[in-house]
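So that you can see what the record holds, here are the features copied from TrEMBL:
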DOMAIN    12-80  domain 'Agenet'
DOMAIN    82-138  domain 'Agenet'
DOMAIN    167-235  domain 'Agenet'
DOMAIN    238-294  domain 'Agenet'
Amino acid sequence: MPPKPITTTPSSFFPRGTPVEIGSHDAGFVGSWFAGTVLSSNRSKYSVQYETLVSDLDPAEPLCETLHVSQVRPVPPGETRGCFLVGDNVDAYWNDGWWEGVVTEDLGGGRFEVFFRVSEEQIEFGKEHLRLHRDWVSGKWVPPFEQQEKVSNAAGIVASEAKTTQEIFIKGTIVEVSSDEDGFRGAWFAASIVEAVEKDKFLVQYQNLRADDDSCFLREEIDTLHIRPYPPETLVVDRFNLFEEVDASYNDGWWVGVISKVRVGSKYLVYFRDTDEEMEFEHSDLRPHQDWIDSKWVIASRALNF
């Protein structure tokens, strides 16, 4: 049977700096998805940088590729799954990516045998390294998540059932990390969970920040007060409005600001309250601002007072 084609939607748009998952048509990699970041885009292609794959020419540098839009999709929302059933189609985190397989045996103790059709291998995994397999089709996850996040039009709240940090932040989960250091307040940086080091602290690896010697991506231990899930995709109209609160992609992170002037040609002036600065951005470098409060996404709907 021929391999199942990658299913995503060309109508999805990911601004520069957006964490995504990247699929491959290459032999031996069909059915796998790898974490990465969007570097640039045009109508039919994305330039991306992988988080875990390195360049053949220089192993110290991350692999960068230009791919068709069908090979790029959002990062799936985090989901807690206590048990998997024999026959479940799953993705298993293995060899630095998520690989499609099927559960063939429940070994007990949260461990399962998974068979990979493409490679005809069977490997044992713990439940923390598994997720239900889903496809991104026409802007929706198929099958849909059991507890699909819902946006309240009145309050602008994206609701989700309360979960422990250990359940939300499993190995490989894409997150955003903040800092209280001067010059970094109001910014969130994309990272992935490497491992839990304490009850409320995790080792993370940044997707865009490099170590001081530039030999690898920066790793830090971060407490849960400064970690949040990666924000869900939100619908964006053709233009942002004056005084609308936004995040701007700048210096490898997302910085909260407010639209202070709408210019022609899909350009905006954005005011940053923490630094008292104003800068110009393209529409593609902005996203609606959201806050993670009490395990819920609160979507900004009013302007900052400044």
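Residue numbers in this text run from 1 along the chain shown.
The backbone N, Cα and C atoms fix where each Cβ goes, glycine too.
Note that the structure is predicted; figures quoted are calculated from it, not measured.
Across the domain 'Agenet' (82-138), DSSP assigns 3 helix, 36 strand, 18 coil.
Confidence across the domain 'Agenet' (167-235), taken as the mean pLDDT and rounded to a whole number, stands at 86. Summarised by DSSP class, the composition of the domain 'Agenet' (238-294) is 3 helix, 36 strand, 18 coil.
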